[in-house]
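S.K.: Can you read through this structure? Questions will come right after.
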């Protein structure tokens, strides 16, 4: 058990004790030295395998059970006792819905994470299946009026969008209440799950979550209705970017509500409710001189100068007090929340930028191999820069801006998926096997060769010397291993969704709604059979490359990538539902960006 305070017997008799060292009865409470707390959980290298794992303390107990499988029976017994006397249907609902998705229990998530087929079944194939099912919902379709090419007359002679010309008109009400309704619902659940990881409720307590969530969901589908009915604004409804921008606003509403709630509760003020001197005994304010917790009497008195009749000392003391007040105006918790909002904003902006980037590429088709390579790796650089900026904002250590390892996990998955999904959509516009081979060579080489090099001590020392990393080598190695696991999830989920979606959209009822996957224009060089089979071969190559790099990491560094991912899911059970929702949302983004909308008037 860690030592929080060192207790030494006091020596003062009748002398007034110093505030910097308060007395608790016969003993003095002295906090440990700063050096003892300087190494946070992610920097302790002598636990859980001695390799800098973040799983210490609370997490180490879970890892011991994961590695030894000693507490499985105990967990099952506890679950059975808790569910005795409950009908079978309610018991299944509790075990497979509540304990995994609503209020994740560590025992339930650990049981899922231990088996590779359940772990990857939920994280890879479940969101892919849900996305394919969502895009395959048959739209009510109507033939285009004779001679009409686009709903906006001013755009008749303009170049067709990158995802193809409209072939049919679709029913607006089905789109807004079913197709877009499910899409915006997933986006709201994603934001809510991210707030859950942050341990903050974004909804007003007086309204509660169900009512607030329902009102925003209703708002997301009702505001576009008058825009559709008004002739001067109807052209906005045929542009995918307009719907994505509206979704951006809907996803930003919970963040705005959370900011307003905190301001209404005066959480942004450093001087709110003062603590009594008795309460201050049990806080760090005795030793840090935290003005947030000073009593009103001390706050009024302030810091007196040594000579109360000296004018110079009075002026200096007053300036010092004002400077101290300015420095402590925003509490650390509110500053941390602002950083969290910045990370969310960057993530949402990447969502809009990805749509614009893909549209620019598709409007300038066809491309040769060099242009395709420039597009792909231009997008790679953009996503990695945004990912690095978000990683800096979030941090992984306490006191480091947001300082949340689970949030950095989720946002790393979000950006990795954002990159992968747009690359998958690009596969449908590759004209030759040579373009597939070139992309795969660069991708596999980067994974198999560069990843182990980046995990070496030499590379870590170079980053440290250049000031690009302040992490210990153990922590840095842990993050690199985590990134390999996240890349494995992103690659397989995006490819499974891509192959499934082109099958159901090419042969299904929505073929004319998604002309991007029709592959029936004889003037184009794109072929469905070539795209499907070469994409399948590419998926196989990616699986082989992932297995090779996992083997190299295990042989060279003695690290099991799968075990590290399993440990993360077990220590932070909220990661499982959050990751599934994030994957589902990003996969929906890929398909929503290429649907061709033209509504029946």
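Every residue number used here counts from 1 along the chain in the order it is shown.
The backbone N, Cα and C atoms fix where each Cβ goes, and this holds for glycine too.
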S.K.: With TrEMBL as the source, which of 293-311, 312-330, 407-425, 464-482 is set down as transmembrane segment?
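M.R.: Within the set 293-311, 312-330, 407-425, 464-482, TrEMBL attaches transmembrane segment to 407-425.
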S.K.: Quick check on the annotations: TrEMBL lists transmembrane segment for one of 264-285, 374-395, 528-549. Which range is it?
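M.R.: The range carrying the transmembrane segment annotation in TrEMBL is 374-395.
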S.K.: TrEMBL lists transmembrane segment for one of the ranges 148-171, 172-195; which is that range?
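M.R.: Of the candidate stretches, TrEMBL labels 172-195 as transmembrane segment.
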S.K.: Looking at the candidate ranges 91-112, 333-354, report the one that TrEMBL labels transmembrane segment.
M.R.: 333-354
S.K.: For the transmembrane segment (207-230), find every same-chain residue at least 6 residues outside the stretch whose CB is under 8 Å from a CB in it, and list them.
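M.R.: Cβ under 8 Å, 6 or more out: 172, 176-177, 180-181, 184-185, 188, 192, 201, 236-237, 243, 246-247, 250, 253-254, 257, 599.
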S.K.: Give the nonlocal contacts of the transmembrane segment (437-463) in its own chain as ranges (CB under 8 Å, at least six residues past its ends).
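M.R.: 369, 372-373, 376-377, 423, 430, 469, 473, 476-477, 480-481, 484, 487, 538, 541-542, 545-546, 548-549, 552-553, 556-557.
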S.K.: Can you work out whether the transmembrane segment (484-507) touches the transmembrane segment (333-354), with the criterion being 3+ CB pairs under 8 Å where the paired residues are 6 or more apart along the chain?
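M.R.: Between the transmembrane segment (484-507) and the transmembrane segment (333-354), contact is absent.
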S.K.: What same-chain residues lie close to the transmembrane segment (242-262): Cβ under 8 Å, and 6 or more beyond its ends?
M.R.: 180, 183-184, 187-188, 190-192, 195, 200, 202-204, 212, 216, 219-220, 223-224, 236, 268, 334, 337, 341, 344-345, 348, 351-352, 355, 589, 592-593, 597
S.K.: With the transmembrane segment (575-595) as the reference, which stretch in 120-139, 172-195, 333-354, 374-395 has the largest tally of C-beta pairs below 8 Å?
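M.R.: Maximum Cβ contact count belongs to 120-139.
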S.K.: Given a Cβ distance threshold of under 8 angstroms, which distant residues of the chain, six or more beyond its ends, lie next to the transmembrane segment (172-195)?
M.R.: 134, 137, 139-140, 201-202, 209, 213, 216-217, 220-221, 224-225, 228, 237, 243, 247, 250-251, 254-255, 258, 344, 407, 410, 574, 577-578, 581-582, 584-585, 588, 592, 597, 599-600
S.K.: How about the transmembrane segment (333-354) with the transmembrane segment (374-395) - do they touch, taking at least 3 C-beta pairs under 8 Å (6 or more apart in sequence) as contact?
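M.R.: Yes; at least 3 Cβ pairs under 8 Å.
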